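Now, the feature entries from Swiss-Prot:
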- 34-54: transmembrane segment (TRANSMEM)
- 75-95: transmembrane segment (TRANSMEM)
- 114-134: transmembrane segment (TRANSMEM)
- 142-162: transmembrane segment (TRANSMEM)
- 183-203: transmembrane segment (TRANSMEM)
- 234-254: transmembrane segment (TRANSMEM)
- 282-302: transmembrane segment (TRANSMEM)
- 309-329: transmembrane segment (TRANSMEM)
- 349-369: transmembrane segment (TRANSMEM)
- 379-399: transmembrane segment (TRANSMEM)
Amino acid sequence: MSKSARNRTRRNPDGQQGSARSFDFAEYLRTETVGGMVLLAAAALALVLANSPAEELYRTVRDFTVGPHFLHLDLTIGEWAKDGLLAIFFFVAGLELKRELVVGELADRKTATLPVVAALGGMVVPAVLAFAIGHGAPGAHAAWAIPVATDIAFALGVLSLTGSWMPTAARVFLLSLAVVDDLGAIVVIAVLFTSGLSVLALLAAAALCAVYWYAQKRRITTPFLYVPLAVATWIAVHSSGIHATIAGVALGLLTRVRRDLHETASPAMRLEHRLQPWSAGLIVPVFALFAAGVPVDGEALVAMTHDRVAIAVVVGLVVGKLVGIFGSSYLAVKIGIGAKPRGLRWRDLSALAMLGGVGFTVSLLIAELSLEGAAAERAKAAVLIASALASLLAAVMLLRRGRKVRNGDASA
């Protein structure tokens, strides 16, 4: 084969060759900027539909129930998107996180410790701030949990649109932080707001995860084992009362990431390569389409300015996340238990900390579980405003910093 012919071909992680000059729609969807644009477009469409004459049709479709009742899976379309489809996104996130922990940016112990410490700070500080501001107000005893969450899909979407110039370490830090943060939020929901937690279902899920790990260890590759196993694990986690997306994270982290000598790519790399376009181009946008459709009530927006709980949510997400994530990261590095990711400056970490304030869907869920009636509506409005404000501030910080970097400003 001539050199020019070799340049026209490439080999993907599945070992297949394709033309480098032909348009590859899957590769197009793997582009982070494209995925971010599709995600935000879907979220914008959802907000328009939920606040337009089409609101009733939108709500009818979102709330349409489908699924087998005998498995307790008679869920609405919106719930299938939130609990089912999003589990695949979390599986891809788990694959990426496992790869970074074993052979990537997080292989160093101190570098891996930093996002965990940052996530803990990003949960504790917003919760303390929200509790202090809302103390004594109706619902404040439970509403402190609302700003502890970070919406991983939307935070990564904003980063992909405005911070594509940043090194890989930035995405890895935010991904790791958000995964730990979401796991923390799931624990909060399970402990405080779940009445029917099933230990038997949790044990079944743990046993299925053990089978998955053993199959990986034995180098079994057939999808006829893994697909039913993954579905069964998801059903078990869902039946336990815990947010079912944790099944995706668990299986992703249990997938083998080192390739054997006879393999062109590891199972984790192959799965990530195959699922990434579906995750970015379909799964996350569909999730956003049904999750972001929150009616924006003018009266609720006005009323929230006089509601201490709503104010506590905004301050917790916008200020608490920034202070908690950045402050705990700074302390961890200074006392030597964490290491700043390669290629990132403190101002970069401050922008990533600001992205942690994009609570959105997880915070909306906690608001729904912890409050009722008008108080819940005001808290939801506060989550929307806080998430939008955090996104905007982070975008401005990233774009300004990116412009300086591209212009070769040494002090950037």
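Indices start at 1 and increase along the chain as displayed.
Just so it is clear, glycine is given a Cβ too, placed from its N, Cα and C backbone atoms.
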Considering the transmembrane segment (114-134), which listed stretch of 34-54, 234-254, 282-302, 349-369 counts the most C-beta pairs under 8 Å:
349-369
Taking the transmembrane segment (349-369) as the first stretch and the transmembrane segment (142-162) as the second, find out whether 3 or more Cβ pairs fall under 8 Å, excluding pairs closer than 6 in sequence.
yes
Chain residues outside the transmembrane segment (34-54) and at least six past its termini with a C-beta under 8 angstroms from it:
28, 153-154, 156-161, 280-281, 284-286, 288-296
Given a Cβ distance threshold of under 8 angstroms, which distant residues of the chain, six or more beyond its ends, lie next to the transmembrane segment (282-302)?
35, 38-47, 49-51, 55, 58-59, 62, 77-78, 81-82, 85-86, 88-89, 153-154, 157, 360-361, 364, 374, 377-378, 380-381, 384-385
With the transmembrane segment (234-254) as the reference, which stretch in 75-95, 142-162, 309-329, 379-399 has the largest tally of C-beta pairs below 8 Å?
75-95
In the same chain, residues at least 6 away from the ends of the transmembrane segment (75-95) whose Cβ sits under 8 Å of its Cβ atoms read 61-67, 152-153, 175, 179, 230, 234, 238, 243-253, 255, 257, 268, 271-272, 275-276, 278-279, 283-284, 286-287, 289-291, 361
Same chain, outside the transmembrane segment (379-399) by at least 6, Cβ under 8 Å from its Cβ: which residues?
139, 143, 146-147, 151, 154, 158-159, 161-163, 166, 294, 296-297, 300-301, 304, 307, 309-311, 313-314, 316-318, 321, 347, 350-352, 354-360, 363-364, 367-368, 370-371
